[in-house]
Amino acid sequence: GSGGFRKRKHDNFPHGQRREEKENVNPPSALMTSFKSFQLELDTRHDKYERLVKLSRDITIESKRTIFLLHRFISAPNGEEILNESEVKLDAVRRKIKQVAQELIGEDMYQFHRAISPGLQEYVEAVSFQYFIKTRSLISVEEINKQLIFTAEDREETTNMTSNSHDKQPHTWSLKVTPVDYLLGVADLTGELMRLCISSVGNGDIDTPFELSQFLRQIYDGFTFIGNTGPYEVSKKLYTLKQSLAKVENACYTLKVRGSEIPKHMLADVFSTKTELIDQEEGLP
């Protein structure tokens, strides 16, 4: 009738049928085939990146829990139990790192470095903190990398794979911590050592702060040799390292000057007050 819509001829055909006819008329060219392969490759790489980000978060969370556990070493009646429990937690973290190493088989690690770097830094911080409690020294990057060489635990892990993947994947996996991740992890370690100093003062231990002060001074001297020539993240961490060192040195000064006249159970309060004054002077929150 008048005023109605006119029906087009191709509206009588289903939508899917029109699409098939269009594809039959214009078959996929070589260019479209190439773009489809590029799309598949990019989607696969993006999915792998997201899996690595998730693994890095898990590594970060478990490493932080290990650090919180190690802080109980000072006040725990049996420190060996704390160390053994921390070793169990670190083994669980290494199993996560093993999954990262398996994901990176045949890949350039630096293409996915931003995805795994936060987790590796936190792992270095946890391992170096445990190593310091045990030996009162700093673990080397070579020693850390030795712990990140993995092997297939049994035949079941390899037999579950397909025959093609079984031929391609080796029986050993390794993941090397980069020098930058190691330096950033050690820089974060200084903050944990500063908290360890507070805990030791609260427990009446007046020897550990002086030991920590000397150790932090050596780390700070090592970082100053790098200076502005290193990565931006390292120079940024240097300021935080300097603040941690200043707090520990002021704690040692307070213990040396007023330690004999202040009861041990009040030393932690004096140190905390001194730390707040330092933060206010430096403009820190």
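Keep in mind that glycine also has a Cβ here, set from the backbone N, Cα and C atoms.
The region 'Disordered' annotation in TrEMBL covers 1-28.
According to TrEMBL, the compositional bias 'Basic residues' annotation covers 1-10.
If you look up TrEMBL, you'll see 11-24 marked as compositional bias 'Basic and acidic residues'.
Per TrEMBL, Mg(2+) binding site is recorded for Glu125, Glu192. Cβ-based neighbour count (10 Å, all protein chains) for Glu125 (Mg(2+) binding site) stands at 24.
Feature annotation from TrEMBL assigns SUMO2 cross-link to Lys274.
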Spatial neighbours, same chain, of Glu192 (Mg(2+) binding site) - Cβ under 8 Å, 6+ residues apart: Ile67, His71, Glu125, Phe129
